[in-house]
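Colleague: According to TrEMBL, the domain 'Heparan-alpha-glucosaminide N-acetyltransferase catalytic' annotation covers 31-155. Summarising the annotation, TrEMBL assigns transmembrane segment to 69-90, 102-121, 141-159, 180-200, 289-310, 359-383, 404-423.
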Amino acid sequence: MAEIKVDPVDNHTMVIPETEISAQKPHRTLRVASLDIFRGLTVALMILVDDAGGEWPMIGHAPWHGCNLADFVMPFFLFIVGMAIPLALKRIPSKGKAVKKVVFRTLKLLFWGLLLQGGFSHAPDKLTYGVDMQMIRFCGILQRIAFAYLVVALAEIFLKDAQSNDIAAGYCSVFRLYCWHWLLGACILILYLAMLYGIYVPDWQFAVHDKESADYGRVFTVDCNVRGKLNPPCNAVGYIDREILGINHIYLKPAWRRAKACTENSPYEGPFKNDAPSWCHAPFEPEGILSSISAVLSTIIGVHFGHVLIHLKVSVSMHGPWFSIPGSSMKFFIAGSFRKTEAMDHDGICSPHSRNSSAFYSCYVCVTSGAAALVFSAIYILVDIWGLKYMFVPLKWIGMNAMLVYVMAAEGIFAGFINGWYYEDPHNTLVGFSLELNRL
């Protein structure tokens with residue numbers, strides 16, 4: 001499963017207020033423990049849905065419509081990245097140094113993304129490596145994170161008000177202070193929707209390149225000739241990826257293969273129906289170009305909550321109005337939950353932007369960003385307000401070493417370690433035992 005692997009982008013710091021710095025060391029900074037713990041929790045959730053989502057589809061990615069547990073992981077990471085941006089860039093003295101730092105981290109994410117998700121490490125359990133450059137996968141979770149981080153971090157550097165240390169009183173003061181950030185988000189949303197509904201999608205063909213498929217080498221034709229469709233075969237998101245990236249460079253096993261139209265075992269994986277539509281065999285890039293553009297808005301919302309932390313000084317004073325954070329998060333969550341559109345599925349709240357062409361993506365972004373803010377608020381109250389840090393030490397360590405944990409998960413080291421402990425027979429592992437209990 002390649003949809004949900006992700007990397008943290010920045011070490012984050014909470015700046016001591018100027019009024020309190022005079023009595024302390026001039027460059028003292030504090031980490032926001034709750035953000036580390038939230039990152040660690042999301043990494044742990046990523047590993048869970050990645051390794052167990054196939055056996056428990058209720059926590060895996062929704063085949064197309066719907067919003068399962070796994071579909072919250074990517075927006076959570078984007079939200080965390082957004083929160084870390086203003087905290088990390090707060091004390092960098094010049095724009096030039098800040099830009100260099102952002103560009104370096106972006107290139108690092110792109111490198112690891114291509115290495116880990118491009119196809120080079122295609123069977124780490126068998127120690128087989130290498131990728132045909134004609135089939136390399138260009139997009140991926142880390143690449144999406146890199147793009148969103150680059151855009152939003154540069155916006156934070158160049159659009160932030162130079163006098164932002166002084167915030168005026170008022171209910172919407174933080175929104176007004178960073179209005180250019182929200183204007184950027186509105187432009188991205190308009191561009192996304194214009195392309196989603198305005199691009200014409202013609203008929204298209206593809207050959208099955210999955211060597212494990214019984215239809216390997218077979219050529220299929222998909223009939224479209226439409227504009228503005230949000231269904232799996234004829235959406236503008238997939239069309240843009242096929243035209244720009246090339247159909248040989250996108251993900252071969254999308255989640256839609258588990259859709260009811262494709263397999264009798266839906267939502268489990270299984271052989272295709274005899275009358276399954278041709279698009280069931282097609283590749284689709286869940287982290288494609290257009291959906292990555294729309295994902296920037298999730299990061300912008302995270303930046304807003306980072307600004308709230310800074311301006312309300314909630315990390316250094318328990319008397320600050322910390323309740324503003326869960327209050328704002330509820331607004332996003334409620335706005336998304338009650339967004340009524342014809343693209344909603346009967347079994348879900350809304351449709352994830354990387355799974356179904358971002359069908360009314362504003363709904364998905366509001367719901368997932370609101371949920372991320374609510375989870376962070378709960379952790380923040382427990383850890384930074386009430387001081388209950390020790391019970392979250394493992395998650396904090398994971399959050400502070402998320403890149404290491406991610407690489408170990410991507411290379412199958414965690415799964416190999418767990419499955420390496422068995423009783424009498426190598427098949428009698430802890431995972432195998434739990435799966436047998438699930439079947440019973």
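Residue positions begin at 1 at the first shown residue.
The backbone N, Cα and C atoms fix where each Cβ goes, and this holds for glycine too.
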Colleague: Per DSSP, what is the residue count of the domain 'Heparan-alpha-glucosaminide N-acetyltransferase catalytic' (31-155) in each of helix, strand and coil?
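Modeller: Per DSSP, the residues of the domain 'Heparan-alpha-glucosaminide N-acetyltransferase catalytic' (31-155) fall into 82 helix, 2 strand, 41 coil.
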Colleague: Would the transmembrane segment (141-159) count as touching the transmembrane segment (69-90), i.e. at least 3 C-beta pairs under 8 angstroms with sequence separation of 6+?
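Modeller: Contact between the transmembrane segment (69-90) and the transmembrane segment (141-159): present.
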Colleague: Mean pLDDT for the domain 'Heparan-alpha-glucosaminide N-acetyltransferase catalytic' (31-155), as a whole number?
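Modeller: Value for the domain 'Heparan-alpha-glucosaminide N-acetyltransferase catalytic' (31-155), mean pLDDT as a whole number: 85.
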